[in-house]
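Here is what TrEMBL says about this protein:
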- L21, G22, G23, G24, N25, M26, A85, V86, K87, P88: NADP(+) binding site (BINDING)
- N70: NADPH binding site (BINDING)
- 20-111: domain 'Pyrroline-5-carboxylate reductase catalytic N-terminal' (DOMAIN)
- 183-287: domain 'Pyrroline-5-carboxylate reductase dimerisation' (DOMAIN)
Amino acid sequence: METLSKICESEESIEPMLIFLGGGNMATALVDGAVKKGFVQKEQIAVTARSEVTLNKWRNKGYMHLSMNNREVLKKFPKALVFIAVKPQARLELFDQIRPLTQVCISLMAGVNLKVLDQELSGCDSSSHQPENPPLLRLHPNIASSIGAGASIISAQPSVSPIVLRVVRSFAECTGLCLPVDEETFDAAGTLAGCTPAWAFTMIEGLSDGGVLSGVPRYLSTQLVAQAVMGAAKLVLESGEHPGALKDKVCSPGGTTIAGIQQLEARGVRSGFIEAVRAANERAKAMTKKE
Ligand SMILES: NC(=O)C1=CN([C@@H]2O[C@H](COP(=O)(O)OP(=O)(O)OC[C@H]3O[C@@H](n4cnc5c(N)ncnc54)[C@H](OP(=O)(O)O)[C@@H]3O)[C@@H](O)[C@H]2O)C=CC1
Ligand SMILES: O=C(O)[C@@H]1CCC=N1
């Protein structure tokens with residue numbers, strides 16, 4: 001596997017250093033995954049946050065480049081790649097602190113497209129905007145990146161150099177699947193990649209509750225359901241078969257599974273999933289606007 005240092009070895013425009021502006025759940029998941037895989041070393045990571053509580057969590061895990069001052073960190077590592085890992089609602093305050101940004105910037109934010117990001121980072125509205133930002137990318141990962149089982153999508157402005165693209169893709173790929181997606185479908189695909197773990201956790205919890213109701217101890221119930229969900233997902237990916245065809249292989253005529261399917265359909269589970277994706281996409285669109 002390529003490492004960050006190896007990729008940057010003969011490249012003068014970037015240094016083998018990743019800055020995370022925001023050190024919450026997503027920064028943690030990505031960095032944990034990449035460090036575990038050996039793609040980066042802890043000393044190649046810098047993290048900022050609003051609170052000492054968050055920075056102490058990083059400190060306790062052995063990270064040393066930690067700060068509550070975004071500008072200071074950017075100045076210290078002028079050729080690092082910068083990940084924007086704050087909530088979309090916190091972005092404008094952050095942009096005020098870091099403008100003018102000179103480093104390549106990778107946004108993890110849901111719902112904020114590259115055009116809006118470009119305008120907001122430059123501090124200009126669309127009519128007066130001058131192209132003064134560094135190249136921008138979007139990466140939409142998910143929480144399972146922390147264990148190398150993430151699903152992420154990437155999109156980049158045309159000005160992003162092949163070497164930067166290689167670094168960001170290699171970084172994302174070492175934490176799981178990473179697929180390029182155009183800007184038009186980015187938010188919808190990002191919803192699927194980013195939100196699905198939460199919906200799957202809800203499903204796992206509900207099925208486990210069913211087990212507990214039937215007398216199965218919680219630890220056993222959750223373990224069995226989680227393993228079964230993982231196996232089902234792997235089978236979809238590895239067999240290439242349609243999920244409906246795989247479902248049919250499980251449903252014996254007059255059997256137990258189809259009795260459960262009938263209850264799920266009666267309660268609109270399939271429609272519920274479709275509406276969940278639609279609601280998340282609507283929310284992503286709304287977040288593009290300043291809140
Ligand atoms: N969570 C997920 O599964 C996914 C999240 N995303 C995206 O990733 C981004 C981060 O989400 P997530 O990690 O869950 O959010 P968190 O709330 O867990 O983390 C946000 C972090 O930003 C820090 N922060 C806020 N304002 C500033 C600032 N001005 N300067 C420096 N740090 C700041 C916070 O500091 P402090 O801790 O001190 O408050 C916190 O550490 C979001 O934009 C989200 O859309 C994308 C895909 C999946
Ligand atoms: O809920 C959110 O907005 C973020 C983006 C995808 C997952 N978590």
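Cβ from N, Cα, C; glycine included.
Just so you know, TrEMBL annotations never went through curation; they're auto-generated.
Neighbour count (other Cβ atoms within 10 Å of the Cβ, all protein chains): 25 for G23 (NADP(+) binding site). Cα separation, G23 (NADP(+) binding site) to N70 (NADPH binding site), rounded: 12 Å. The separation of N70 (NADPH binding site) from A85 (NADP(+) binding site), Cα to Cα, is 12 Å. In three-state terms derived from DSSP, N70 (NADPH binding site) belongs to a helical segment. Taking the Cα of the residue listed as 'NADPH binding site' as the reference point, the closest of the binding-site residues L21, N25, K87 is L21. Counting only same-chain residues at least 6 apart in sequence, those with a Cβ under 8 Å from the Cβ of L21 (NADP(+) binding site) are T48, N70, V73, V82, F83, I84, A85, V86, L94, I98. Mapped onto DSSP classes, the domain 'Pyrroline-5-carboxylate reductase dimerisation' (183-287) shows 91 helix, 0 strand, 14 coil. Reduced to three states, the DSSP call for L21 (NADP(+) binding site) is strand. Mean pLDDT across the domain 'Pyrroline-5-carboxylate reductase dimerisation' (183-287) comes to 97 in this model. Within the same chain, the residues at least 6 positions away from K87 (NADP(+) binding site) whose Cβ sits under 8 Å from its Cβ are G22, G24, M109, listed in sequence order. Residues L21, G22, G23, G24, N25, M26, A85, V86, K87, P88, recorded as binding NADP(+), reach a greatest CA to CA spacing of 14 Å. Around the Cβ of N25 (NADP(+) binding site), the same chain contributes I143, each under 8 angstroms and 6 or more positions distant in sequence. Its Cβ taken as reference, A85 (NADP(+) binding site) is surrounded by 28 other Cβ atoms within 10 Å in the chains shown.
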